[in-house]
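Peer 1: Below you will find the structure I want to go over with you.
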Amino acid sequence: MSEQNIPVTDNAWRVLRQFTDARIGLGRAGISLPTHELLRFQLAHAQARDAVHFPLDVKRLVGDLQESALALPAESPVLLRSQADDRQTYLQRPDLGRALSRESVRRLAGLQVSDQARTVVAIVIVDGLSSSAVQNNAVPMVRQFLQDLEQDCGGWRLAPLSIVEQGRVAVGDEIGQRLGASVVVVMIGERPGLSSPDSLGIYLTWGPESGLNDARRNCISNIRPAGLAFEQASQRLLYLMRGARRLKISGVSLKDRTEEVVIEKTANNRNFLTD
Amino acid sequence: MDYKYSFTLGARTWQFRSLADLLAKATTARSGDRLAGIMAQSAEERVVAQMRLAEMPLREFLCEALVPYEKDEVTRLILDSHDAEAFAPVAHLTVGDFRNWLLSDDATSATLELLRSGLTPEMVAAVSKLMRNQDLILVARKCRVTTAFRNTIGLPGHLSTRLQPNHPTDDITGIAASILDGLLYGNGDAVIGINPATDNVSQAIRLMTLLDDVIQKYNIPTQSCVLTHVTNTLEAIEQGAPTDLVFQSVGGTEATNSSFGFNLATLREAQDAALSLKRGTVGNNVMYFETGQGSALSANAHHGIDQQTCEARAYAVARHFDPLLVNTVVGFIGPEYLFDGKEIIRAGLEDHFCGKLLGLPMGCDICYTNHAEADQNDMDNLLTLLGVAGCTFIMGIPGSDDIMLNYQTTSFHDALYARRVLDLRPAPEFEDWLIQMQIFENANSYTPSRKLPDLFKGSLKRLTGGGAGQ
């Protein structure tokens, strides 16, 4: 085939992909996406869709937790559900995903922890919008966190760990409240991106109770092997927990200074297009 | 219960509490109105509400405010700026007759332009609820809205694109790589606009400076924008940052806007500040607004009004500040507001129609998230429909994948598709530049050059150590 007849035109600037994950330099067939790029996109979308719609395999998650040789608190894990009965309802009614089912409320009765000397922490694992985030990343995250918590001479006491199906972030506040926890740590599957179907997010609330809004929570996002590492996420979480305990507050008034970016107004603004 | 509107169909009389109730019940089904608990209870009730709405005189919208005048500055803006003289030609019509008139040959581009200031968002939202998708397209296509800053946007037969080079850490090289990719696909005549990952004043200044450097070096007839909060932009201007456009997300009620942290006075101040810089060369439209159905409900500030009517009220805010661009970000908010491709497509066409009829340079972020029941085919459909409707601009992003905001919008390739199938040209000044720079080897078929244009060869070579500049 002569050069004129090659159906796909490549882009010389594709080499810039070493500097960004953006889908640049895709080339073109006519003015359209070449077949292999089209299929790469379709695969990424399919994985993100599956992450949203495949139910969390709770049995496997429980097995993984037990096999991880972690010293889980007594009664763990407590298996719970929100008031959203299925995925379709869950997606359209965030209010139902924030509330525990009646059966789950009953299950929590009698599990309340009270400890005058130490700060009670409840860990809540929630499927959220990505089951694969939770399936792949929750156990290593919990393992890292429990190790770090043990080494922190902080006087923390763990409430039973719970797992919630069809849950939103705020469901953790009700659970924390019912368990008598001072801090609730929610590990939840984040809305999957095209290139990141398995991002885990962590939300922390001091003094959890039903009806709190987002401004009362701190968030650590994009936890996954290709994103924020478990070790760093765990350190940030402990940093926030110590701050929350000191100030007796979480959310916008508790700044995460570990991630504060200091930007020089003029420095380091050079780019290859104008150099 | 006091019912204000009723409609008798056969043996049954249907009741509607208020104008807001009637409008909500007459709205095509969507998940946000269901979530708010204001949707019609049955398919029949929806059509009955539409029948009742069709009988309602347009004049009545001037008498019943959806949010009380005393309590809401958006209501005050709508009623205080209403132009009775412009309204006169349609003042005798009902909503149903208004639909007929809009579709008739009496409604020309010229008459529609004269009518604009006489229409309120509520009238426009009401008539859209009686229209099928093809009606929304046909009427929007008749509306002419042209704006300008460093190029001319919205001319008939043209479609512009916002180049959106977002990066999850605002990495300068990463952003520059996406800008280059976009420019070489002929993208970016509406604006080169970055959503910053870190949202503060110094970051905004850093990104504005980057964009200004690129636009100046290559002498690109386009404008830049960093989509940060209006108060950040004001501060950036005070610190001497090279600010072309002021960005803000706007909603249709005062309470929505205060949840966004601004009021009308803030927007006026920012517009004045941007105008004082005199950076436009062919025009002075300095505002870039984004909107989207569901924002008022999400801010718990909807006053029982359906999300499409709230959205139309946001256009009253926008038009008061002569924007260069208004963008309805239709599928970003998620399936609890617009559930699937069908709802997103309908909302996109409604928003474009309402915005255009009110005189706005209406573009659309044709987009979806991965938890919505939508895919690329739905976006292809909406893109094609909006292209036919005369949409002012769309987004452009490498391979449809926004790696910062984690959603999918239209790609650089998608824009070229729309240009080819519908023969839609970029803004004329920008098109001249594309030809001059040898970015397009054939502007009539919208074909990018096979070779890397000379001016960009050096930059690429420096960065990659040679070899890539061929």
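Counting begins at 1 with the first residue displayed.
Including glycine, each Cβ sits where the backbone N, Cα and C put it.
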Peer 1: Can you pick which of A:E150, A:E190, A:E231 TrEMBL lists for the same adenosylcob(III)alamin site as A:V169, A:C219?
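Peer 2: So the adenosylcob(III)alamin site in TrEMBL includes A:V169, A:C219 plus, from the candidates A:E150, A:E190, A:E231, A:E190.
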Peer 1: Please identify, from the binding-site residues A:V169, A:C219, the residue with the sparsest Cβ neighbourhood, meaning fewest other Cβ atoms within 10 angstroms.
Peer 2: A:C219
Peer 1: Cβ within 8 angstroms of the Cβ centroid of A:V169, A:E190, A:C219: which residues besides those meet this for the adenosylcob(III)alamin site?
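Peer 2: Close Cβ neighbours, site residues excluded: A:G128, A:V186, A:I188, A:G201, A:I202, A:Y203, A:R217, A:S221.
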Peer 1: Have a look around A:E190 (adenosylcob(III)alamin binding site) and count the other CB atoms within 10 A of its CB, chains all included.
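Peer 2: There are 25 of them.
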Peer 1: Which whole number of Å gives the largest C-alpha distance between any two of A:V169, A:E190, A:C219, the residues noted as binding adenosylcob(III)alamin?
Peer 2: 11
Peer 1: For A:V169 (adenosylcob(III)alamin binding site), what is the secondary structure state per DSSP, taken as helix, strand or coil?
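Peer 2: Where A:V169 (adenosylcob(III)alamin binding site) sits, the three-state DSSP reduction gives coil.
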